[in-house]
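What follows is a single structure, written as structure tokens, with notes after it.
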Amino acid sequence: MFSTLHAASADVKLTEEKNESTGGKGSPVSSPVAPHRWMVDYSLEFSYILRRSEEEIAIHAIKHALKSLRKRHLLEEGAHGPAFVALSKPIASQGSEWKDKAENLELELQQCYKAQARLSEQLVVEVAESRAAKSLVQEKETLIPSLEHDLSQARDECSCLAELLEEKSKALELLIDENKELRSQCEELRTRAINAEAENKTLVDRWMLQKMQDAERLNEANALYEDMLGKLKASGLEQLARQQVDGVVRQSEEGAEFYVESTIPKACKYRIPAHDGGCASIVFENSSGKLVSGGQDHTVKMWDSTTGRLTQTYNGCLGSVLDLSITHDNRCIIAASSSNNLYVWDANSGRVRHTLTGHKDKVCAVDVSRSSARHVVSAGYDRTIKVWDLNKGYCINTIMFPSNCNALSFSPDGQTIFSGHVDGHLRLWDIQTGKLLSEVAAHSLAVTSISLSRNGNTILTSGRDNLHNLFDTRTLEVWGTLRASENRVASNWSRSCISADNNYVAAGSVDGSVHVWSVSNGNIVSTLKEHTGSVLCCSWSGLGKPLATSDRNGVICMWT
């Protein structure tokens, strides 16, 4: 646009010079002042145009130049043609240069506009940030007084706490001093206590020694008494042997005991639902028709075998009853329990006299000495046998062994213990020293039952190998083995028994049957079938009859 404007102005100047040189020839204007006025008007108009915007100036310049050129060309085309051609060449070249410069300036101007836009955006962002910072500063300034107030309060509290700390430190120092004094006093008291304990131990040892001496004297007196009693019994032995009527033998002494020659059981006299969950142990009182049973329902019950009625129930056991024993004077009932304890009841009152604790696992076997109602022996699945003093109510000896014990029995003299173990061995122990006296492999599998004959010469063992062996207690040699293809032992605590006259053996089976063997020839003389569950225990009355059996359903059968 600027190039066109300059071209137009150049044409005007050229025309004016030509008119001056030619003296106004060829010009339509007759007045010599006309060109000067036109130039004045043009300059005024050109200055006005420069004050406009670039686009308007360009358009106006182009239009005005076209009009002027058209007029002048029409008038002076012929006169100024050669001069116009000569002058147009340098003007055209300058116009192209100006055009390039104008384009470059336009590019620079656009870049300036872009830079200005970026700077404007940055300025807006910085202004917004400045305002936000200013507002934040104002907020912080408003918080300064409250923070200064809190700081002053914190300083006051700190000073108070410092004073309190100083007081507590002084109190702590006092307490430390008192603690040191108390420790010194405690050490003195401890020294005194140790000395007193040593003196007490010495006194207890002396007292125990005196007690042992008294016990030895008492034992000597008892031995003398038993010796005199034995002589008294021996003096009347011949007379007692002759008093046999209908197979009944009467022992002539105060509190007479009777037993009848055992008969072969054939029929079930009573079928009693005794316990819930099973009955694992039954035992007759000595020289009595009363039967004591223990079951899974944590109870011990006494039955009259002549009527089949329940006479008494003993409560207080906290576990299943696994084995029972009765003192020879029938005053106490002892139960071995799965609660790791033994329970001792008074047979008449039904009250618990002792709870014997010490086993670490279930107690599965118990027996009472036949020579004394004082000593009780028990076996648990903690691999120990414990000897108890019923008068004192605590353990007096513990025997340890490598295999769990399922059954045990006192010897007739009460000095040794027979024990049957899971490894199938029968062991003999000294009750005083706890030493192993003898050992024999009784069964190929676990021993489940031990039963001592009335005369003490034979011991019956039963095992999971379904054999029932008869041992001579003096030599521990097998002199008889009883078996039956249908007889299978039900559990590790299945109890068999031997009759009071030592002529028969009874054992239960897993199919609910009870087999009775003759000891003399080893033949089965009776097979009893009344139980619907596995038979767990058999017990023969010391009077010769009846035979009692119990099963896994808690049913007791009495056979005659």
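Glycine residues also receive a Cβ, built from the backbone N, Cα and C atoms like all the rest.
A TrEMBL annotation is a machine prediction, not a hand-curated record.
Listed in TrEMBL:
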- 102-235: coiled coil (COILED)
- 95-219: domain 'Autophagy-related protein 16' (DOMAIN)
- 272-313: repeat 'WD' (REPEAT)
- 314-355: repeat 'WD' (REPEAT)
- 356-398: repeat 'WD' (REPEAT)
- 407-439: repeat 'WD' (REPEAT)
- 440-475: repeat 'WD' (REPEAT)
- 499-527: repeat 'WD' (REPEAT)
- 528-560: repeat 'WD' (REPEAT)
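With a cut-off of 8 Å between Cβ atoms, the residues of this chain six or more beyond the repeat 'WD' (272-313) that come close are 257-259, 319-326, 328-330, 333, 335-336, 343, 345, 347, 350, 491, 493, 495, 533, 536-543, 546, 548-558.
Cβ atoms under 8 Å from those of the repeat 'WD' (407-439) belong to residues 323, 364-372, 375, 377-379, 385, 387, 397-399, 401, 445-452, 455-456, 459, 461, 463, 465, 471, 473, 476, 492-493, 495 of the same chain, restricted to positions at least 6 beyond its ends. Listed by sequence, the residues of this chain that lie at least six past the ends of the repeat 'WD' (499-527) yet keep a Cβ under 8 A from its Cβ atoms are 259, 261-262, 264-266, 453-455, 458, 460, 462, 468, 470, 480-482, 484, 486-490, 533-538, 540-544, 547, 549, 551, 559.
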